[in-house]
């Protein structure tokens with residue numbers, strides 16, 4: 001056992017946070033394959049038991065990205081919309097709809113995702129059904145983005161190192177730091193992000209990690225109803241990340257003219273309904289609660305991309321969602 005692994009596991013066993021140097025070194029060993037499965041399991045369990053801190057999550061992100069297939073040459077602002085998942089809500093795929101609306105409006109969207117976590121369909125499931133390729137390679141991604149304003153990067157294709165860690169995660173059988181890292185590992189390194197969390201206690205943690213991983217501007221959101229998106233069910237909690245500063249924000253749908261709704265208004269019961277619903281959402285013909293939920297998240301994205309107020313972003317979003325996207329799906 002290397003000295004850094006020994007020091008780190010000893011610290012975690014007594015409930016101590018890892019230093020930046022320890023965290024960087026230990027995750028480098030994890031992703032390089034120098035750590036045994038037993039040591040990796042002890043590391044992940046120790047972090048989970050103690051409670052992960054931003055420095056530790058950020059170190060994991062940096063190490064994972066060093067092993068990832070990164071997209072080069074995107075020299076313009078771009079955005080990802082995603083959540084940690086696991087909120088158990090069985091809602092329609094709002095974040096993917098928001099991404100498609102943004103691209104339809106001319107913003108560059110670098111969508112990074114996987115198959116279903118908490119919904120009936122994950123972003124990959126939905127986009128595959130809409131005809132979007134899941135096989136875009138690292139060499140193709142930039143050109144696809146500049147041509148279509150949208151590129152989807154299917155996570156397993158860009159993070160081969162995770163294949164070595166998957167068996168350990170499966171054996172542990174509990175959420176670990178890797179569940180937090182997922183939304184932070186976009187290989188295109190977007191400048192902007194809408195990041196949803198299903199648990200309010202990790203709202204600030206994820207915002208702090210975005211600062212440490214150099215995202216320029218973002219909203220980290222925890223929606224009313226314990227959703228990992230802004231919802232029209234009540235007041236939503238959010239943190240604006242900008243220039244390394246964190247600002248807590250309450251986003252009340254009523255302030256922007258949205259009618260109150262309930263979680264069941266945005267639920268889908270199975271995969272076929274989820275796939276049919278996304279088409280209605282993109283056409284602007286879905287139930288109003290779903291369209292409002294898309295507009296709320298779209299408005300937040302527009303506000304950080306355009307550098308305008310939430311009110312201006314919401315108005316622009318509502319007008320767009322009312323007519324649907326220009327492309328037919």
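Yeah, the Cβs are placed from backbone N, Cα and C, and that goes for glycine too.
In Swiss-Prot this protein carries:
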BINDING   83, 114  anthranilate 1 binding site
BINDING   83, 86-87, 91, 93-96, 111-119, 123  5-phospho-alpha-D-ribose 1-diphosphate binding site
BINDING   95, 229  Mg(2+) 1 binding site
BINDING   169  anthranilate 2 binding site
BINDING   228, 229  Mg(2+) 2 binding site
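Only 83, from the binding-site residues 83, 112, 114, 115, place their Cα within 10 Å of the Cα belonging to residue 228 (Mg(2+) 2 binding site).
In this structure, residue 228 (Mg(2+) 2 binding site) belongs to neither helix nor strand by DSSP; it is coil.
All protein chains considered, the CB of residue 91 (5-phospho-alpha-D-ribose 1-diphosphate binding site) has 27 other CB atoms within 10 Å. Closest to residue 229 (Mg(2+) 1 binding site) in space, going by CA atoms and restricting to the binding-site residues 91, 95, 114, 115, 169, is 95. If you count neighbouring Cβ atoms within 10 Å for each of the binding-site residues 112, 115, 169, the highest count belongs to 112. Here residue 114 (anthranilate 1 binding site) is positioned 16 angstrom away from residue 169 (anthranilate 2 binding site), judged by their C-alpha atoms. Between the C-alpha atoms of residue 115 (5-phospho-alpha-D-ribose 1-diphosphate binding site) and residue 83 (anthranilate 1 binding site), the distance comes to 13 Å. Taking the binding-site residues 95, 114 in turn, the residue surrounded by the fewest other Cβ atoms inside 10 Å of its Cβ turns out to be 114.
Residue 114 (anthranilate 1 binding site) sits 16 Å from residue 91 (5-phospho-alpha-D-ribose 1-diphosphate binding site), taking the CA atoms of both as reference points.
In the three-state DSSP scheme, the residue listed as 'anthranilate 2 binding site' falls into the helix class. All protein chains included, residue 83 (anthranilate 1 binding site) registers 28 other Cβ atoms within 10 Å of its own Cβ. Rounded to a whole number, the C-alpha distance linking residue 95 (5-phospho-alpha-D-ribose 1-diphosphate binding site) with residue 83 (anthranilate 1 binding site) is 8 angstrom. In this view, residue 229 (Mg(2+) 1 binding site) is surrounded by 29 other Cβ atoms within 10 Å of its Cβ, with every protein chain counted. DSSP assigns residue 112 (5-phospho-alpha-D-ribose 1-diphosphate binding site) to a strand in the three-state reduction. Distance noted between the C-alpha atoms of residue 112 (5-phospho-alpha-D-ribose 1-diphosphate binding site) and residue 83 (anthranilate 1 binding site) is 11 Å.
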